[in-house]
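Taken verbatim from TrEMBL:
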- B:6-25: transmembrane segment (TRANSMEM)
- B:77-95: transmembrane segment (TRANSMEM)
- B:116-133: transmembrane segment (TRANSMEM)
- B:153-170: transmembrane segment (TRANSMEM)
- B:182-202: transmembrane segment (TRANSMEM)
- B:253-275: transmembrane segment (TRANSMEM)
- B:287-308: transmembrane segment (TRANSMEM)
- B:390-418: transmembrane segment (TRANSMEM)
- B:438-456: transmembrane segment (TRANSMEM)
- B:462-482: transmembrane segment (TRANSMEM)
- B:494-512: transmembrane segment (TRANSMEM)
- B:532-555: transmembrane segment (TRANSMEM)
Amino acid sequence: MAIQSDKNAYWSANKRIIGISLVIWFLCSFGFGILLRPALSGIIVGGTDLGFWFAQQGSILVFLILIFAYAFRMNKLDREYGVDE
Amino acid sequence: MDQFTLNIIVVGATFALYIGIAIWARAGSTSEFYAAGRGVHPVVNGMATGADWMSAASFISMAGIIAFGGYNTSAYLMGWTGGYVLLAMLLAPYLRKFGKFTVPEFVGDRFYSQTARTVAVICLVVASLTYVIGQMTGVGVAFSRFLEVDNLTGLLIGAAIVFFYAVIGGMKGITYTQVAQYVVLIIAYTIPAIFIALQLTGTPIPAIGLFSDTTTQIAGVPAGQPMLATLEQLVTDLGFGSYLAQTDTTLNLFLFTMTLMIGTAGLPHVIVRFFTVPTVKDARFSAGWALVFIALLYLTAPAVGAMARLNVIDTFWPNGLNAEAVSVEEIETSDELAWVRNWEKTGLLTFEDANGNGTIEYRSGEGNELDVNRDIMVLANPEIANLPGWVIALVAAGGLAAALSTAAGLLMAIASAVSHDLIKSQINPNISEKNELLAARISMGVAIVVATILGANPPGFAAQTVALAFGLAAASIFPALMMGIFSKRINNKGAVAGMIAGLLVTLVYIFLHKGWFFIQGTNSFTDADPLLFSIKSTSFGAVGALVNFAVAYVVSNATDEPPVEIQELVENIRIPSGAGAAVDH
């Protein structure tokens with residue numbers, strides 16, 4: 001693991017996973033919950049629209065999944081590159 | 001047994017528990033004092049982070065704010081949870097790998113500059129101290145309501161308890177006390193919510209109940225309709241603003257949510273929690289567990305808010321909005337309405353039969369005869385739903401646990417910044433470990449005294465100071481940490497210029513709207529008609545963060561690259577292996 005190209009590849013892979021995660025993070029909070037809410041207003045959930053559900057409940061559930069998915073994915077990446085502890 | 005005795009027993013028992021834990025977990029070394037010896041399991045650490053994070057604002061105020069603000073207050077829910085995603089991916093693992101004790105220490109080492117470290121200490125102390133004042137005020141209020149002592153006595157009891165377990169136990173004592181406090185506060189929050197969700201929707205899970213159909217008639221609206229549709233119909237018929245529609249501007253809502261998210265990830269008392277776990281892997285999972293424990297409350301809060309609002313409307317319009325409202329005679333005599341009389345005594349709920357027709361009518365604008373302070377919603381909830389006395393006592397203990405745990409975490413962050421980043425690193429580098437511990441304990445004592453004095457005489461801007469704390473953390477600390485990890489090119493000059501620019505621009509924007517140093521009447525703008533577009537002063541932290549990033553980038557590129565050993569340091573913190581070895585400072 002002392003090889004520089006390996007370190008760079010590990011860091012690039014990490015940044016790619018973070019990038020994908022943050023796109024989902026943004027989409028499910030700022031996107032569906034705020035900016036895209038008018039576009040989703042036709043979808044009814046429990047007496048209100050999908051955007052309201054994302055703003056008050058859905059986004060939090062997605063955040064939870066994202067953090068654990070990231071932790072598991074990174075543990076796998078650590079092992080692949082031999083940088084785990 | 002009367003309610004007062006019950007309150008004393010339940011609150012007293014929880015306090016005895018916290019003190020017992022402090023004695024069991026007292027810190028002997030600086031490593032134990034600052035970072036709990038780095039031996040905290042990620043689940044335990046997640047629970048402690050939850051208690052640390054959820055303050056009196058989350059426990060007491062948030063559901064009430066949602067109850068009266070509806071959709072527009074979703075920023076609190078998304079902002080105060082979404083920040084953990086940023087923490088887990090952008091900060092926590094690398095700061096743990098770095099392996100030091102405090103946030104300013106990272107800033108000082110990464111930007112090879114004592115100036116940067118001192119600027120970070122200033123940002124940290126200002127943000128934490130403003131935040132802790134609000135907590136101490138909350139402790140005073142909760143005590144005076146439930147233990148029937150005056151505000152100052154309540155505050156002093158609370159300060160003494162915090163002093164005892166934080167000073168003796170350090171981070172180790174605080175961590176294990178916070179675990180106990182988390183258990184107390186989450187039980188206290190969810191039990192009343194479960195009872196009320198069962199009453200209104202027949203489901204024991206409040207978060208599901210929020211989007212379910214009602215199983216009982218509420219204020220004349222028949223059962224079998226979605227609960228939120230029922231609420232929307234009632235509030236609009238009474239002339240209040242819509243519960244479901246967006247009334248704030250999209251720009252302000254967006255920036256406010258972003259400010260709360262970045263502020264969450266930049267608050268030092270939360271970040272240091274990730275220094276206490278054994279490995280980088282544990283730091284990643286710890287952020288996830290923290291959010292699990294926080295989400296238990298944050299998924300319940302919007303349900304509590306909506307159901308509390310429904311219950312208040314139902315109380316005053318038991319037979320529907322077109323029938324007669326509740327009579328004054330009933331309020332004064334009925335057992336079911338005892339909560340109205342109890343809270344009237346505090347002055348936080350007032351009613352007056354203005355038109356003299358013998359009933360109290362609750363509506364928006366003209367003809368309204370009831371005024372309810374939104375902060376009483378969570379505390380009054382168990383009484384409104386006629387739950388047993390022990391539940392009411394438990395809610396009191398829960399509110400105190402929320403305020404005390406956050407206060408302790410903030411005081412710890414302040415004390416370690418002063419003793420470790422100022423005294424040890426700049427004033428007396430040769431200080432012995434024993435004397436550094438003593439200095440940390442003394443600075444914590446001083447911080448508690450200052451917070452108590454300011455908490456006893458709140459300058460009358462609790463809400464503004466909390467906004468200031470978030471704005472400051474968002475605009476100064478978060479960008480510096482993130483750039484320090486993700487860029488090798490940002491140098492000492494860029495980081496210092498960025499932090500100062502972000503801090504100043506945010507402070508000035510807040511002062512322009514709230515008055516210079518919060519002195520009333522010195523403001524040039526108001527949040528109703530702000531300087532830039534529709535950006536309120538509470539939402540400006542995200543803009544300040546952007547300024548910080550931009551200034552740091554431009555200044556760094558115009559000046560020299562960081563030295564080779566700093567670039568190696570950055571490469572090193574990006575790789576998890578070898579974290580255990582890097583504990584020495």
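Please read every residue number as a count from 1 along the shown chain.
Each residue, glycine too, has its Cβ placed from N, Cα and C.
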Check for me, if you would, whether the transmembrane segment (B:77-95) reaches the transmembrane segment (B:253-275) - at least 3 Cβ pairs under 8 Å, residues 6 or more apart in sequence.
yes
Between the transmembrane segment (B:494-512) and the transmembrane segment (B:116-133), are there three or more CB pairs that fall under 8 A, provided the residues in each pair are separated by 6 or more in sequence?
yes
Have the transmembrane segment (B:438-456) and the transmembrane segment (B:532-555) got at least three CB pairs under 8 Å, pairs 6 or more apart in sequence?
no
With the cut-off at Cβ under 8 Å and a gap of six or more residues from its ends, the chain residues touching the transmembrane segment (B:390-418) are 3, 6-7, 9-11, 14, 18, 34, 51-56, 58-60, 101-104, 121, 124-125, 128-129, 131-132, 135-136, 138-139, 142-143, 145-147, 158, 161-162, 165-166, 170-171, 174, 177-178, 180-182, 184-189, 191-192, 195, 268-270, 272-273, 378-379, 381-383, 439-441, 443-444, 447-448, 451
